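Asker: Heads up, here are the entries from Swiss-Prot:
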TOPO_DOM  1-8  topological domain 'Cytoplasmic'
TRANSMEM  9-29  transmembrane segment
TOPO_DOM  30-155  topological domain 'Periplasmic'
BINDING   H124, Y128  heme binding site
REGION    134-155  region 'Disordered'
Amino acid sequence: MNPLRKKRLLIIAALLAGVGLAMTLALGALKENINLFYTPSQIANGEAPLDTRIRAGGMVEKGSLQRSADSLDVRFVVTDFNKSVTITYRGILPDLFREGQGIVALGKLNAQGVVVADEVLAKHDEKYMPPEVTKALRDSGQAAPGGSSTPAKQG
């Protein structure tokens, strides 16, 4: 093989190896940051993976909020009106968090079927509902409380 061709081949091989390594690192980083959304029905049916960060959303059941007297631990139940799932959270809940309203909790599902959340997001106003929660309620045949919901703008 000609030395010039050999040098070009080595350069091309090195570039391809570098691009492959960069793609592997980028996809690995993206995989760690992906949080798939699951409804309470999907979680109760075992579709959500254990010990993997997920987003769980639905309506907070009225009367389900339990606060610890001596810590910031909170426990509540979220429903899609078909099935329910318990969520635990340690921290201060958002000011807009209310029973009977939509939320999205980010956390991990444990072996007992409880979502241990490290972040809780509440809806912004009376008519706003997270798009995932709106879709989940529509799929379950339920309407959002208080009339129609306004989904977030896409784009």
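Heads up, residue numbers simply count up from 1 along the chain you see.
For all residues, glycine too, the Cβ spot is worked out from N, Cα and C.
Where in this structure would I find these features, and how exposed are they?
Answerer: Remote same-chain partners of the transmembrane segment (9-29), defined as residues 6 or more beyond its termini with a Cβ less than 8 Å from a stretch Cβ, comprise 1.
Averaged over the topological domain 'Periplasmic' (30-155), the predicted model has a pLDDT of 83.
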